[in-house]
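Right, one structure below, let's go through it.
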Amino acid sequence: MGLEKPQSKLEGGMHPQLIPSVIAVVFILLLSVCFIASCLVTHHNFSRCKRGTGVHKLEHHAKLKCIKEKSELKSAEGSTWNCCPIDWRAFQSNCYFPLTDNKTWAESERNCSGMGAHLMTISTEAEQNFIIQFLDRRLSYFLGLRDENAKGQWRWVDQTPFNPRRVFWHKNEPDNSQGENCVVLVYNQDKWAWNDVPCNFEASRICKIPGTTLN
């Protein structure tokens, strides 16, 4: 009596034992395609990202908020986005964060540094006019300016060159009374301007960090 041969192939000609291997190969190919696509997108985004000038570490911040800045170029390629950490204020490629708890100057700088920033430098009247919109007139805010050696040589903490012609002191300031070698931005005499104060004086502060620019 003749015996039937066991069926060795499925309809269509594929051996049953090959099916798991084929599925595994297809799955690996799909993963490879997804990985390559992810790498291309990451590379594209990274190549578009241009950091602003100065020392900063936006990687300290999990989320960014981007604001489109005006550009003289009308084309889409000429548009620029300035990105800052959430809750920071954006102005001309920089980011600002006022904090109202009181610390000494050194403590304030350490706090800003922990966020990848420095105490605020002020280079123009426009920059000062921008930040005062977000300040409390009842408070004083440390800036990143001090006379570290008490010799009348003012320096910005982030090494920004100090321009003695671009200063915004209150009248009769700085007076260097009682070793006042640090600077606060304070509202007095109906305007915001600078006063020198002792560095162990406790005040609020403004942190500043260069933003990330996307073209």
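Using the three backbone atoms N, Cα and C, a Cβ is placed for every residue, glycine included.
Within the set CYS182, CYS207, Swiss-Prot assigns CYS182 as the partner of CYS199, by disulphide bond. DSSP assigns ASN111 (N-linked glycosylation site) to a helical segment in the three-state reduction.
Here the candidates are the recorded positions CYS84, CYS95, ASN111, ASN195, ASP196. The one whose C-alpha lies nearest to that of ASN102 (N-linked glycosylation site) is ASN111. Note: the Cα of CYS182 (disulfide bond) and the Cα of GLU173 (Ca(2+) binding site) are spaced 12 Å from each other. The 10 Å shell around the Cβ of ASN102 (N-linked glycosylation site) contains 15 further Cβ atoms across the protein chains shown.
Within 8 Å of the centroid of the Cβ atoms of GLU173, ASP175, ASN195, ASP196, where the record puts Ca(2+), the same chain has further Cβ atoms from TRP169, HIS170, ASN172, PRO174, ASN176, SER177, GLU180, VAL183, TRP194, VAL197.
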